[in-house]
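Below: the structure, in structure tokens.
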Amino acid sequence: MWPRPRPPLQPQLTLPPPTITTTARPNTFSRSPASTSSQVSDPPRQYFNPHKGPPPFTHFPSTESHSSAEREDDHYESIRTQKEQQESDAHVRRARLIAEKNATLKRMEERQLKAQSQSWFEESQRLATEDAHKKDDECRRRRKSAGWNRRKLRSEGHIAPDESAGKARERVDKNQPQRPNSPSSVADAWATYEKACAELMGANPSDEKMKSSLNFYTIPWPVLGQAKSFHDLTSQSIAAFILSPHHSQGKTPRARLRAAILVWHPDKFAQKVLPRVTDSHRLAVSAGSDIIARVLTELISTHGN
């Protein structure tokens, strides 16, 4: 059996590619070359290219990263607070050490001053004892001399044998100095005291000739006689001398005390007198002036009431 014949192939039509006609838009803005160069050109347009892939994605911070940043900030804040606390503690320690050092130096200075005062007090007591012995020796010498004079006068016939011993003693005592508590002795001592105080307070402390020229024994203390130690600066001895009826009869006791406090006021005395006192006696003189000022204040209060 013969095969069926194939139908004839029809020729394929080849179509030409479509022609795209681009219509040019009219340029509504006519730019001259000069004006175009001076103006800023428009930025180039960006077109999406599918072959380059999707645009980059902007990542926002997650909760974990935010918590980590907060923990880091807390850590730094803790370190800063700890450092400030350490600096504050160090400052407190330095201040405490300085205060302890100053307190130690002050205690050492007080102990040194106390030791110097005690040493000076013992020295003044020794000198006072020696002075008392000298006075006793002088009294014994005077009594011995008076006895010798009486015997001499009796041997020469100037004293009758039956003359009483009292009359003979009275005759011999006329040649001896006045008693220290007699009215004339007190008046003379007060005049000497006022003159010495005027010179003491009137001198210039900055004068080189006057510096280191005073000591405890050259200060005109307001007592009858020269004070040898603190034991002589008592309330009774000061009041007996300043308020004695044998001087300053025209002044009331209160006026006398007020005049005395002008000399022995601690601030004024420290400014006018202490710079001229020798270093070894300055502490003792300062303590003695404080005693005088305290006694005068008490006496003023008593007489004022």
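For all residues, glycine too, the Cβ spot is worked out from N, Cα and C.
Listed features, source TrEMBL:
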REGION    1-95  region 'Disordered'
COMPBIAS  1-19  compositional bias 'Pro residues'
COMPBIAS  27-41  compositional bias 'Polar residues'
COMPBIAS  67-92  compositional bias 'Basic and acidic residues'
REGION    109-187  region 'Disordered'
COMPBIAS  123-140  compositional bias 'Basic and acidic residues'
COMPBIAS  141-153  compositional bias 'Basic residues'
COMPBIAS  154-176  compositional bias 'Basic and acidic residues'
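Tertiary proximity for the compositional bias 'Basic and acidic residues' (67-92), restricted to same-chain residues at least six positions away from its ends with a CB under 8 Å from its CB atoms, involves no residues. The residues of the compositional bias 'Basic and acidic residues' (67-92), classed with DSSP into helix (H, G, I), strand (E, B) and coil, number 26 helix, 0 strand, 0 coil. DSSP assignment over the compositional bias 'Basic residues' (141-153) gives 13 helix, 0 strand, 0 coil.
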